[in-house]
Amino acid sequence: MPNLKNLSPPADGYRGRFAPSPTGPLHGGSLVAALGSWLDARKNQGKWLLRIEDLDTPRCIPGIDQEILRQLLACGLSWDEEPTWQSKHQERYQKALERLNALQTIYSCTCSRQTIANVLEAQGVITPRNQEIVYPGTCRPKEVQLNQGFSKQVSGTAWRLALPPDLTIEFEDLALGKQDQDLNREVGDFVLRRRDAVFTYQLAVVVDDADQGITHIVRGQDLLSNTARQIYLQNILGYPTPSYLHLPLVLDEHGEKLSKQTLASAIQTENEQQALHELRKAAIHLGLRNLPDGKAISIAEWLLAATQAWNRKVTFF
Ligand code: GLU
Ligand code: ZN
């Protein structure tokens, strides 16, 4: 643990996390999220947890979780509690879904992507690329009925959350300021368990953040548009809402977000020099200036300087 004298007072009982999906090794963009969340936890003398979000099995690549752990350790980003894997906690998500069912807030949906596309087309709704498809409510019953077949767990049926009308969620992002989202207009009744029985990111992340007592979420801006959904789920499940800080995205030369889909290359961490080079790039992206760049510095020393630089930051991005 580095010496953290002269830092501003830490947030009480800070618990942060990094939650990669094992769909590819860490790239420059995911390292920014890892480093940003790690620095914020260290600055606050808090805990930094690692959670592997491996529920979407068709997209996960076997063995990549171990590669991510190795990459993080090579960069000196060590975690404070045993890492967790979402695939080992299916019963947690099932319980949360059952609670929501008891609250009469979910309903089953058998629409395929194509059915939804057809309904939207017939309504003349055009969804721009990269924008959320707003579910048109095709399967939504007039009154969401208690136990409408939920216990049978019909396979081939998705479970959606029924949103009440006029649901605008407001929150303060520590970097971006006031945010709001009208969930009906921008998202619609969203899926909590998919037709292939996979619990969705929205449900699992909310259950785990609460279960692990996460107080601060620091992650990439690509996830900003999910936050209102997560806050609403926290509200109905009676969980506290953590604070949020969304980090600037790393874009490639075409202005696209670095991601596994755009085949972003893995960070190179075979030796200390390579790892330091990757860390420096991530730090520049986080707006950290005047960090040591001499060859003689160790990763631990560099991370300490970066923590102090993060602490001196008055405004984010
Ligand atoms: N597993 C998500 C991802 O890799 C991130 C989850 C989160 O930080 O909320 O995109
Ligand atoms: Zn449907």
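Using the three backbone atoms N, Cα and C, a Cβ is placed for every residue, glycine included.
Spatially close to Ala19 (L-glutamate binding site) yet at least six residues away along the chain are Leu50, Arg51, Ile52, Glu53, Val205, Asp208, Arg219, judged by Cβ distances under 8 angstroms. Per TrEMBL, the feature L-glutamate binding site maps to Arg17, Phe18, Ala19, Pro20, Ser21, Glu53, Tyr201, Arg219.
Residues or ranges marked as Zn(2+) binding site by TrEMBL: Cys109, Cys111, Tyr135, Cys139. For Cys109 (Zn(2+) binding site), the same-chain residues lying six or more positions away in sequence with a CB closer than 8 A to its CB are Tyr135, Thr138, Cys139, Thr157, Ala158, Trp159, Arg160, Asp189, Val191.
The feature ATP binding site is assigned by TrEMBL to Lys260.
Taken from TrEMBL, the feature domain 'Glutamyl/glutaminyl-tRNA synthetase class Ib catalytic' covers 15-284.
Annotation comment: TrEMBL describes 1-20 as region 'Disordered'.
Under the heading motif ''HIGH' region', TrEMBL lists 20-30. Across the motif ''HIGH' region' (20-30), DSSP assigns 3 helix, 1 strand, 7 coil.
The annotation motif ''KMSKS' region' is assigned in TrEMBL to 257-261. For the motif ''KMSKS' region' (257-261), the model's average pLDDT works out to 67.
In this structure, the binding-site residues that sit close to ligand 2, with a C-beta under 6 angstroms from any of its atoms, are Cys109, Cys139, chosen from Ala19, Cys109, Cys139, Tyr201. Counting only same-chain residues 6+ beyond the ends of the motif ''HIGH' region' (20-30), those with a CB under 8 A from a CB of the stretch are 52-54, 56, 59-61, 64-65, 67-68, 71-72, 220, 249-250, 257-260, 264-267, 278, 281-282, 285. When the Cα atoms are compared, Arg17 (L-glutamate binding site) and Cys111 (Zn(2+) binding site) turn out to be 34 Å apart.
Recorded residues Pro20 (L-glutamate binding site) and Cys111 (Zn(2+) binding site) have their alpha carbons 29 Å apart, per Cα-Cα distance.
Distance noted between the C-alpha atoms of Ser21 (L-glutamate binding site) and Cys111 (Zn(2+) binding site) is 26 Å.
In this structure, Ala19, Pro20, Ser21, Arg219 are the binding-site residues from Phe18, Ala19, Pro20, Ser21, Arg219 whose C-beta falls under 6 Å of some atom of ligand 1.
The record assigns Arg17, Phe18, Ala19, Pro20, Ser21, Glu53, Tyr201, Arg219 to the L-glutamate site; their largest pairwise CA distance measures 15 Å.
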